[in-house]
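Asks: To start, I am sharing the structure in question, which I have written as structure tokens.
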Amino acid sequence: MSPEVLSARPGFVRNLMDVMMKPVLQLPPMTCQRIREIDSLAMEQFQMPGIILMENAGRGAAELIEELAPEGNVLILCGKGNNGGDGFTIARHLQLAGREVMILAMAATNELQGDAAIQAKIAEAAGIKIQVVGEAVEAGRLPATDIVVDGLLGTGAKPPLRGRYAEVVEAANASSAIRIALDIPTGMNGDTGETGETTFRADHTLTFAAPKVGFEKLGAARFTGEVHVISIGVPLELLRQFSV
């Protein structure tokens, strides 16, 4: 087989998977509570463990990051909850794609719980560099990077940001890197679009399952940038229940 054929195959396979993995049914904008209901029903009614939903979300986000920003190293900001767990998952898939990845975490791996702890331990075992937030952010800057991914706080958080989270977001906003938010920009209320004094300013927001109703509010686009919806792989029947 010629080198030309070999080099063409990965791109062909990825493009084919992009077509195959797009759900045939797209959900309308939803409140954060409705999204939590989808997660709960996927786990309870359809027997999908939360770690599978996180894996699906993380892999889908990593694939889209590869398309949106195919060059450069990646810094992923990981909070203590499931949004951070998504970030740890993304890091592993980007590493598999050959990207240079570093994680800046709000807590040590042994302080995390649940699915986020599992994904953090996998990332750590995979040799991904994980640095707990420290002096670099206190000095008002992040480690040098081309792309910064916001996996700090998810839909359960409400503005205003305080303490170390505010410091990290301010440092990210001061960076010249491409900024990508996971699910929702940290510092934004996903239902109202309300933002505090400090809110992550994304060039792209990769939101899971469905757009959030707050993204449609006046002024929200200044923080979300372009919004992309990532499937979390829930069954079609569940999508049908929430599409009306």
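In case you wondered, yes, glycine gets a Cβ from its N, Cα and C as well.
Summarising the annotation, Swiss-Prot assigns domain 'YjeF N-terminal' to 35-240 and lists sequence analysis as the type of evidence. The (6S)-NADPHX binding site feature in Swiss-Prot is assigned to Asn82, Asn83, Gly84, Gly85, Asp86, Gly154, Thr155, Gly156, Ala157, Lys158, Pro159, Pro160, Tyr165, Asp183; the stated evidence is sequence analysis. Taken from Swiss-Prot, the feature K(+) binding site covers Asn83, Asp150, Thr186, and the record attributes it to sequence analysis.
In the displayed structure, how are the listed features positioned relative to their neighbours?
Replies: DSSP assigns Pro159 ((6S)-NADPHX binding site) to coil in the three-state reduction, placing it in neither a helix nor a strand.
Using a 10 Å radius centred on the Cβ of Thr186 (K(+) binding site) and all shown protein chains, the other Cβ atoms total 29.
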Asks: State the Cα to Cα distance, in Å, between Asp86 ((6S)-NADPHX binding site) and Asp150 (K(+) binding site), rounded to an integer.
Replies: 10
Asks: Determine the most Cβ-crowded residue among the binding-site residues Asp86, Asp150, using a 10 Å radius around each Cβ and all protein chains in the structure.
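Replies: Of the binding-site residues Asp86, Asp150, the highest Cβ count within 10 Å belongs to Asp86.
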Asks: About how far apart, in whole Å, are the alpha carbons (Cα) of Ala157 ((6S)-NADPHX binding site) and Thr186 (K(+) binding site)?
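Replies: Each residue's Cα considered, Ala157 ((6S)-NADPHX binding site) and Thr186 (K(+) binding site) end up 8 Å apart.
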Asks: Need the DSSP three-state call for Thr186 (K(+) binding site) to compare against my parser.
Replies: coil
Asks: Closest of the binding-site residues to Asp150 (K(+) binding site), Cα to Cα, picking from Asn82, Gly84, Pro159, Tyr165?
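Replies: Nearest listed residue in space: Gly84.
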